[in-house]
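If you look up TrEMBL, you'll see Cys162-Cys188, Cys204-Cys207 marked as disulfide bond. Summarising the annotation, TrEMBL assigns domain 'Vitellogenin' to 24-662. Annotation comment: TrEMBL describes 1073-1101 as region 'Disordered'. Annotated signal peptide per TrEMBL: 1-15, in sequence order.
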Amino acid sequence: MRVVVLALTVAFVACQQINLVPEFTIDKTYVYKYEARLLGGLPQEGLARAGIKVSSKVLLTAVTENIFLMKLLDPLIFEYGGIWPKDPFVPATKLTTALAAQLQIPIKFEYANGVVGKVFAPAGVSPTVMNLHRGILNILQLNLKKTQNVYELQEAGAQGVCRTHYIINEDIKANHIIVTKSKDLSHCQERIIKDIGLAYAERCSECTRRVKSLIETATYNYIMKPAATGVLITEATVEEVHQFSPLNEIHGAAMMEAKQTLTFVEIEKTPVVPIKADYMHRGSLQYEFGSEILQTPIQIMKISDAPAQIIEVLKHLVANNMAVVHDDAPLKFIQLIQLLRVATFENIEAIWAQFKGQPVYRRWLLDALPAVGTPVIVKFIKEKFLAHELTIPEFIQALVMALQMVTADLETTQLTASLAMHERIAKIPAVREVVMLGYGSMIAKHCIAVPTCPVELLRPIHDIAADAIAKNDIPEISLVLKVLGNAGHPASLKTIMKFLPGLRNAATTLPIRVQIDAILALRNIAKREPKLVQPVALQLLLDRALHPEARMVACIVLFETKPSVALVSSFAGALRIEPNMHVASFAYSHIKSLTRITAPDMAAVAGAASVAIKLLSPKLDRLSLRFSRALALDFYHAPLMIGAAGSAYMINDAATILPRAVVAKARAYLAGAAADVIEIGVRTEGIQEALLKSPAADESVDRITKIKRTLRALTNWKALPTNQPLASAYIKILGQEVAFVNIDKTVIEQAIPLATGSRPRELLKEALKALQEGIAVQYAKPLLAAEVRRIFPTAVGVPMEFSLYTAAVAAAAVNVKATITPPLPEQLETFTLEQLKRTDVQLVAEARPSVALQTFAVMGINTAFIQAAVMAKGKIRTILPGKIAAKADILKGNYKVEALPVEVPEHIATMSFETLAVIRNIEEPTAERIVPLVPDMSLQNSRTHLAGDVSSEITGSQMSSEVRLRAPAPLHKTLCLVVPYIEIKGCVEVHSHNAAFIKNATLFYILGQHSVRAAVARGDGPAVERLELEVQVGPRAAERLLKQINLVDEETPEGKTILMKLREILDAEAKKAPASSKSSSSSSSSRIISSSSSSSSMSSSRMSKTATIIEPFKKFHKDRYLTPHGASKAKSSGSKASSFEVIRKQAKFLGNAAPPVFAIIARAVRVDHKLLGYQLGAYFDKSTARVQLIVSSIAENDNMKICADGVLLSKHKVTAKVAWGPECQQYAVIAKAEAGVLGEFPAARLEVEWERLPMIVTTYAKKLSKHIPMAALETGFRLERVTNSDKEIELTAALPSQRSLNVIARIPEMTLSRMAIPLPYAVPINPDGTFSIHIDDDILTWLKNHWEE
């Protein structure tokens, strides 16, 4: 140890004696050899990679003491797209030639004490080339200290200001100074990075604390030689690694590796001379973003004439997506968006003027323009709307999409503000609401990108708020609060607090809905500054003078601030003495649901909730569902770093029967990020307040009277106030409110004429006329569903990008024609019901919907000149043609639907996924090289450390040898299935080739090529002409049956003979079951018995007392006397069965005495005229209240039937029997339902008995029975092991009160029971089984009159 300390001391003293500033003597040229390589792929050898290499000589000349010139000499660019490491780099000759002039232009830069300052270059040097120079200058950036040899600092570089570690050593023997510099690019004070599509995503730092999806680091090694006045850099090596996996880097990750070498060659006396041009200030060492922001990394385009290319792509999309969507339509749509991004405002205006009058082109443009995401598009949409060239629906759709996609810089935010304040927008309330909400979202996006965003952006909203307060304009106040909620800026807190109840005296006079909006406006502020919002939310929550709904909403806000254990415990202490049961129930359920949360970002809150729940009374957990509740559920899988969470809030009111508010929210986690995907909320506050003013609010009356008064109050909606919303709803996407609606008296008054006036009749007339003439529609709808990008520089100076694109195009061709006989009259109002009955309607419709979807996940280089990346590409394409004919003969009661043959493509659905290495450059855009990431070969050579399972078994000298890893042959399977009767063959073809032979991990199973194709074709049998579904109602139903229905009567000699033969056949089939099945069943049964006895022994003593608390069930009879049902069950059960059987024996088959009520025939019509299909006959005997359904096959010699018999024995009892199999004799189930009393309480009982069931049913029932004891304990049921009938299930439910339920279930081997189950609402049933609710005649008359109108 002493030797080491001494060596470090000597080295430290030696370093103090040397000036560690890199030396470049004036008027001398230092020549270096430079090579930079950037490769992307997986670290394992034998897989494909993509990348570039740049090599050249670097000439450095000091013009003055601090001003230097740098020139690249003989630059060469190479491409790589092949299997690493066996394939070589390929020279990009054309690209090198095109860029040679730029690359060889000298640049100037400031350099003092090893630190690079300002950079200067002529205008002819593009940003991309300038960044390549910065990559070289980045090597020269050295902050060397004389007094320390190990230190850490935040150092500026090409990638930003990042944490940097220095180690300085001296090699005395070699007379060298060795400097090692390492950068942690994940911990930067100021990182040069550009995120697109991630504005509303929250970083989940807790999710990446243990496992990471992205690891970034860079290491610099320098060898320096002491010189006269400093040191000479003789060699510099840079290695930078970006490792990314959307799952978890432990299980494998893709990486981008950058390597730079700068080697000293010689010193020349010829200085570098600048060119004759103005050298402009081009920034500093930090990377400068260029055109890579505007171009997609999935394709490179040489844009020479943007307007002409836009028109060309637009025409291609229109022409090739008319009847069926083109396979590459999504990629073409992305190409159109990329071209529009480089177009000027004038270009887009000219294209719009050319195509705005052509509906198809107009739709494509209006779908593409919002996805462009540039300020030009927002300006274009604004001007075209103000010029009346866009309809209101077109404007709303385009603006909402554009504001979501556009980069929220200061210019665009101010442009949105001017649009929101425009006088034409102010005249259209619906449009103004959308624009104002969008304005708030733009402020939020801008302030996320620029945390120091000016507060002046909020001034127009604050001014509107002040004006609304002065005028007491409630709708305007509500809108302003929603806008401020979207903005989520802490500077708005003071304005919002003016509307918070309890904090300002004036706020208490505002309607409760405004107070709720004010509290909800705190949520997005809480995400940025939780400490500011926590005391406000807690104060509102604990203020018992406030409305309970306001307090419960404050509870939601409080827990979204992720409070500490101390704060939650304090709140729990106050909750123990909370008098309002709705608030107590809501808060308790919220805290309890949070204890089960597993998401990492909520772990601290879950811990705090677990402590708090122990302080609260468990009685709160037993409150009924009529009290307000909160529910939170989630799932998070740490190894894959994915998860989902959902929360729901139901806020009730004791005074009314409807919930005051219901809110549901979904949240997602992926790769260390989280986002609130969607939230929907509905409030009924206006209805509630209106009902509170009605007699229904009288607390002295019973609930049934309240219900009747409430219904009467709703019928008198015209008496409600005009300025008060009856209900409202809103929707949030990614935490931003995008739309809301208020339903008030005015809306209802406007909607009623639309539904009952002349306009609907006119529309109906036009539709019927169009149907008779024939309608042919072709429609296509494109969508850029996702564009998520992260762009950042590498040490080489070339930008690297992670991106995800998803685009889809849906198209449909629809042809519909109707034939109406006799034709409808011109005046539809004169058309009577009798005329309609005599009308024969025939409709033929053919549709060919198709969808194409493409997804690209890219990691690699994306510049204006070259792209090199590894890419995952997914494609889905479906075509589902169909043709149907429908006929309705109302007079005859005949309705028929036919599925007709239609031309089917080779594949109705194709899905593919492949991982590729791609390299392309702008000089040869069509000559891109695409290499599968996992090569398709059966034998691969790979080093031992590449396969985790293999390398763990290899030790010592074997580690340096090569191991031959045999890759399994690609999986290729085809599964075909022929649908019987209709002779249609469906085939699914699966192909898969992955990299799991390298490592048994999720990522390696994904890598490779996978595809699934589905095809439908005619089978080998006779062709099917059509499929028919026919319904015949009325006395003609018997005529439509294709096969006579006969049931075997076992009472006749012929019937007995037939049944005897049938039973012999069924018994023989049953005996054919293999002996192994019997033994398996026997062992399974023994296991069940063993498990049952074990579970029984584990049961608590309270379970054994179940029998003593179960009262006997007494059934109602027609004479209304009560008969006990307990020990005499067998006798009473027998009498029940006999009454049912007596009725059935009177007429085995109702069709012998009466025709069917209706018949349904489903069949396939084949060319050989063979009958195939099924028919259903429905029969009804009014005298015995008996219903019979017979389903039978219409095929010849097929006696399979399903027979269902049901009899209403009394108004308190119904019995049914379902039998199926040959002649309905193989299996049978009897179900009986009846009403009665259990003890003193009204009850209902359901009994299900069976004679024989299919083996599959009994097998799964036995498996399920093993889990019943544990499920019963978890759900609070008592369990008793008893010997119940092994072929019967009985379920009894009783109402001890109108708000509670007793349940008793008897199943084979056990009885389950649970008493006093709370019900959310009262059940209006009296002890004698009658209903205690009655709807007044005036309400029924009102409903009847409105129905007739």
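Note that Cβ sites are derived from N, Cα and C of the backbone, with glycine treated the same way.
Structural mapping of features recorded in TrEMBL.
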| residue | record | contacts (Cβ under 8 Å, 6+ apart) |
| --- | --- | --- |
| Cys162 | disulfide bond | Gln154, Glu155, Lys183, Asp184, Leu185, His187, Cys188, Gln189, Arg191 |
| Cys204 | disulfide bond | Pro600, Asp601, Tyr669, Gly672, Ala673, Ala674 |
| Cys207 | disulfide bond | Ala599, Pro600, Asp601, Met641, Tyr669, Gly672, Ala673, Ala674 |
Stretch-averaged pLDDT - the domain 'Vitellogenin' (24-662): 90
Cβ neighbour count (within 10 Å, all chains shown) around Cys188 (disulfide bond): 20
